[in-house]
Amino acid sequence: MRLLASLIAFCLLALPLQAEELVLGLSQEEVRITTRFDGSDILIYGAIKRDLSAVDPEEEPLHVIITVAGPSGPTTVWRKERVAGIWMNTDSVEIDRAPSFYAVATTGPLPDILSETEDLRHKISIPRAIRSVGAPQGIEDAGSFTDALIRIRERNGSYLINENSAELRESTLFDTRITLPANLTEGEYTTRIFVTREGAVLTHEEAPILVRKVGLERWLFTLSRQQPLLYGLLSLALAVAAGWGASTFFQLIRR
Amino acid sequence: MQIYLPIAEVSVNAFLLLGLGGIVGLLSGMFGVGGGFLITPLLFFIGVPPAVAVATGANQIVASSFSALMAHLKRKTVDFKMGLVLMAGGLVGSALGVYVFTLLKQLGQVDLLVNLFYVVFLGIVGGLMMIESLNALRKSKRQGPTKSKKRGRGIAQTLPLKMRFRASGLYISAIPPFLVGLSVGILSAIMGVGGGFIMVPAMIYILGMPTKVVIGTSLFQIIFVTAFTTLLHATTNYTVDIVLALLLLVGGVIGAQFGTQIGAKLKAEQLRIALAALVLLVCGKLGLDLLLTPSDLYSIGTS
């Protein structure tokens, strides 16, 4: 940590002076999904560069909000209803954009350190990060579908809100740790850092994290999409070989 | 030991999958069924997406059926001609089934359809098997083992397109076996099962085939139909997970070999009652899920 701090301090010296400037670092810029992948911790750290002579000692303290978002895409949420005694999916709402993963870490309670208008502009809190434009005809409570999406994804660890989990030291150095779950999907993830005071965003910065399958995982996945027939035949060959191998092997043992 | 499945995109415990495959293999060795009706719901339960579970289940059945067919080939208890007719129907049915599956996936009704199929078919088959084997057990207690052979007379004899099936000793129309194959093909695509648990009773009671060639012939046709289903799922839905399949079938083929040994030590009636109880248990569990109020009315669409 100390090495890190001095490294950051060094970087800061090289930067031109402004009111508030952000430097951001990640413990890893690429998450590799291998066969043994079981989730991953990412350390996000950085520093706020400030012109100390301009700091008013009476001012409100700074706060930091860090978000990590997975690739976004349209998502369908279904609602079950009892039809002839059986529960089946009846109504659905297509949510235009919902990240596959979304984590928020803050240095304080989110409503206290971020105003509604700023949240709306930067789409920071979980409900704001999801975009649902209009409900289809015949569904009046589209909001409950969005709530359900958040609830389900929070339950399986895809959406996280960790208030007070980030630390800001001396209004300069900050760091937090975000746990990426084991059921991660591939794509480009975006880390965003916001520095706020009295609910207003002073400055923000973002950095990408590339999450991708590597090695065997990559090879199999690519094969299954680009050469599906070959992949299917490979699966079958494996099945036949295993079936044949086992019966031959056990016959040898019994003899 | 956690393993990340490349297609299912979830991380699961490798030993859990090996064990799962092993237990299902054990049962399939004991009862002579593919075990697909058990493995697919169990995969749902551990969090594998339904579409992947169905497609990979089909691949796993190819392995266990192939292992069992080897034994039947040696005993010459396979009616190839009947198998080919069943297979022709099966391939058509399988293509139809995968088409329906893709369509329903878009409509968001896959889970319901798969569950309904399971409840209905497991219920019918489990119920019939239970009644039949309880009767047989009662009879055998009273008068010792009886050998009564009933040959199906009627529809199979009166329809056109008659063919001679030498290994089964039958001279019947090719239409009923084609239709039996067709319906099993549809089931195999939608449920991710081989359909042995439907095929075997259908061959005995509808087609009137002698019991000794039924299992071998059904295995012969199941291999081709499930292999075809696997290929169709792999090329249209991209849902076959080869890593998942590998873990399941390593456990499965080993379990199957032990299962065959246990099965040989038990009485046929006892085996059938145990299998019927198992089928009804799975059916009951799935049925309750459809009837009871779910803990969350909302779900995220599988796409």
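Here, residue 1 is simply the first one shown, and the rest follow in order.
Cβ atoms here come from the backbone N, Cα and C positions, even for glycine.
As given in TrEMBL:
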type	residues	note
TRANSMEM	B:12-39	transmembrane segment
TRANSMEM	B:83-104	transmembrane segment
TRANSMEM	B:116-137	transmembrane segment
TRANSMEM	B:163-180	transmembrane segment
TRANSMEM	B:186-206	transmembrane segment
TRANSMEM	B:213-232	transmembrane segment
TRANSMEM	B:238-259	transmembrane segment
TRANSMEM	B:271-288	transmembrane segment
Range from B:116-137, B:163-180, B:186-206, B:213-232, B:238-259 with most C-beta pairs under 8 A to the transmembrane segment (B:83-104): B:213-232
Remote residues contacting the transmembrane segment (B:238-259) - C-beta distance under 8 A, at least 6 residues beyond either end: 3, 5-8, 14, 17-31, 35, 39, 43, 48-49, 51-52, 54-56, 58-60, 63-64, 67-68, 230
Positions on the same chain near the transmembrane segment (B:163-180), where near means CB under 8 A and six or more residues out: 78-82, 85-86, 88-89, 155-157, 199, 202-203, 206-210, 213, 217
